[in-house]
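Taking it in order: structure first as C-alpha cells, then the write-up.
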Amino acid sequence: MELSNVTVDGVAQNVAVTTVGGKSNDTENKANGTKSTENNKLLYGINDNPPWYLSIFLAFQHYLTMIGAIVSIPFILTPALCMSDEDPNRGIIISTMIFVTGIVTYFQATWGVRLPIVQGGTISFLVPTLAILALPQWKCPPETEIEAMDDDSKQELWQIRMRELSGAIAVSAMVQVILGYTGLVGKILRFVTPLTIVPTVSLVGLTLFEHAAETASKHWGIAVGTTAMLTLFSQIMSNVAIPVPAYRKGHGIEFRPFLLFRLFPVLLTIMIMWGLCGILTLTDVFEEGHPSRTDVRLKVLTNAKWFYVPYPGQFGVPSVTLSGVLGMLAGVLACTVESLSYYPTVSQMSGAQSPPLHAINRGIGTEGLGTVLAGLWGAGNGTNTFGENVGAIGVTKIGSRRVIQWAAFIMILQGVIGKFGAVFILIPDSVVGGIFCVMFGMIVAFGLSTLQYVDLRSARNLYILGLSIFFPMVLCKWIQEHPTAIQTGNETVDSTLTVLLGTTILVGGLLGCFLDNVIPGTAKERGLVDWANEMPLGDDNINDGTATDYDFPYGMETLRRWKWTYYVPFLPTYKLQKQS
C-alpha cells in the first residue's frame, strides 16, 4: 500500500494505492471512474487478484458467512413438505442448495453483473412456498397416517410436493430472465417506489414469525441464549480484536489483531450453543427424545452418502400449475427489487464504477437463470443476492472478484459431499429458532430502512405504509386458515386466487405500489428524488469504448467490431453507438 497523488474531478488528492505483485491498479481504476472514497480503504479492489493461498482463505470466509443462512431454509421448508426430521434426504436438499449456489455465484461474478456478490437460497421464496403448500391438496396428512406409510410412500409424499415447487420456481423465474435480458427491468422499476419496497421486503420477516416461534419453543432457554449470544458477538463485541499468530517474512512469528466476532458471529454462536446442547445431552439433562438433544437426528448423518452429485430432476419431473407459478412470482419480484438495491452498494464497497444499465440488466437476468436452475435441480428455493456477504465486503475491505470465484468453487465442492450437508441437520431446533429471531428481524429492519428516503411526516405516506403492511397480514392469515373459502366453481381459479391472496409480500407490494402511484404526492414527499440518486437506472455511464469493470473477461474486441451488439441490452457494448 502506498500513497499516490491523483486528480479527481479537477482536485488533486492523495489516495492509497493498492498494489498486487508490484503493480498498481489505482491509476487504471481512476481512469475508469472508480470511486476514490472506497478505493482508498480497500485491501483488494474488484479487479485485484490476491495470491491463490490468500484467495482460498478469504473465499472460505465468504462461504462460512453464507452457510448459516442457507442451511436455515430447510428447517422451515422440509416440515411443510411432510418430511420427517430423521429423513436423510434433508441433507441432500441442503447439498443441492449449496451446489447450485456455487454454480450461479461463479456465473454471476464472471459473466453476469460481474460484481463480487454471492447468489444463493433466499427466505423471500419461503412466503409463497408456504402459501402454496397450505392449499388443501398439499396439506400434510395426520402424523399417525404418515407413520403408517412404508418408506416408498413417505418418499413420494414429499417428492410430489417438491416437484410442484420446482415447476413453480423454474417457470416463474423466466419472468425475471425476460425482465433482465430484454432490459425491461429499468422501465418497470420506475413504478417500484420506496413505499413499494417497504411492505414487500418487511413482510417477508413478519410473515415467518410463527415458524420462528415454533422452532424456538422447543427450548426457550437455548433459543433466548442463542439470540443473546448472537447480539453480544455481532453488536457489542464486533470491534474486539483477538491476537492471532502470523508469519511475516523477515520478521518471523508475530501477533496481529483479528476481528473474530465481527467476521463470524453466526458461526461462533451456533458452535457454542450447539456444544452446550451436546454437554446437556451427554449429562442427560435433556431426556431421551428431547428436541434439543444433539443426537435426536443422528440417523440422518449415518445414512447420508459420502458423495452425491445433485442433478436436474433428481426428485422427478417438475409439475407446473397456474396457482403455483403465479404464487411463486411474488418471491421472484421481491428478490428482483432486493438485488437491485444491493448493486450500487457493492460497487462502492469494491471500488468499482457505478453499475451501468447493461450490467444491471445482465445481473437480474442471470439471477433469474440461476433460479430456473435451482428449480430444475430440486433445491426447493430460488437464488438471490446474499446480504450477509455484502456486509462481509464492507467489514473485511476485500472486494476482489477472484475471491468470490474461489468461494463458488468451494461451494460446488462441498455440495457434492453428502455427509457435509447432513451435519447441519443435527443442529438443535432451539438453536435455529434463536437464529431465526435475529435473522427474520433483520429482514424486517432491512425493508423498513427504505423509509429513510420518504417523508414520514406526511399523512399520505403513513396511510399507505400502515395499510400496505397491516391489511395483507389480516387478509392472508384468514385465507390461509380458510383455504376453501374461495368458491368460483373452477378449481384452478380457486387455487390460484387462494395462493395469490394468501401471499403477504405479493398483496402488500401490489397494494403499496398501487396506492403510491395513485394517491397524489410530490416526488420529494414520496422519496423518489433520493431514491433516484441511490438507484440510477439511466443510460450507461461509460460508453466511450474503453475497458470497464463490467466488461466480459473475454471477447470484448470481437463484440466491439460487431455493430449489432450495440443494441443488445445485456452486452457491455450496449448503446455505444450514441457516442460514435
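In case you wondered, yes, glycine gets a Cβ from its N, Cα and C as well.
Keep in mind that TrEMBL annotations are predicted by a computer and have not been checked by a curator.
Between the listed ranges 320-339, 500-519, TrEMBL ties the annotation transmembrane segment to 500-519. Among the recorded stretches 89-109, 115-135, 191-209, 221-242, 461-480, the one sharing the largest number of Cβ pairs closer than 8 Å with the transmembrane segment (433-454) is 191-209.
Tertiary neighbourhood of the transmembrane segment (52-77): same-chain residues 90, 93-94, 97-98, 101, 118, 120-123, 126, 129-130, 208, 211, 215, 263-264, 266-267, 270, 380-381, 386, 388-389, 392, 396, 398, 400, 402-407, 409-411, 414, 424-425, 427, 429, 432, 435-436, 439, selected by CB-CB distance under 8 Å and a gap of 6+ residues from either end. With a cut-off of 8 Å between Cβ atoms, the residues of this chain six or more beyond the transmembrane segment (191-209) that come close are 76, 123-124, 126-127, 333-334, 337-338, 341, 436, 440-444, 446-448, 450-451, 453-454, 461, 464-465, 468-469, 472-473, 476, 504-505, 508-509, 511-513, 515-517, 526-528, 531. Most Cβ pairs under 8 Å to the transmembrane segment (406-427), among the stretches 89-109, 221-242, 461-480, 500-519, belong to 89-109. Residues 66-67, 70-71, 73-74, 77-78, 83, 115-121, 155, 158, 300-301, 304, 308-310, 314, 363, 366-367, 369-370, 373-374, 377-381, 383, 401, 404-405, 407-422, 424-425 of the same chain lie 6 or more positions beyond the ends of the transmembrane segment (89-109) yet place their CB under 8 Å from a CB of it. Among residues of the same chain six or more beyond the transmembrane segment (221-242), those with a C-beta under 8 A of the stretch's C-beta atoms are 215, 257-262, 265-266, 268-270, 272-273, 276-277, 292, 428, 430-431, 433-435, 437-438.
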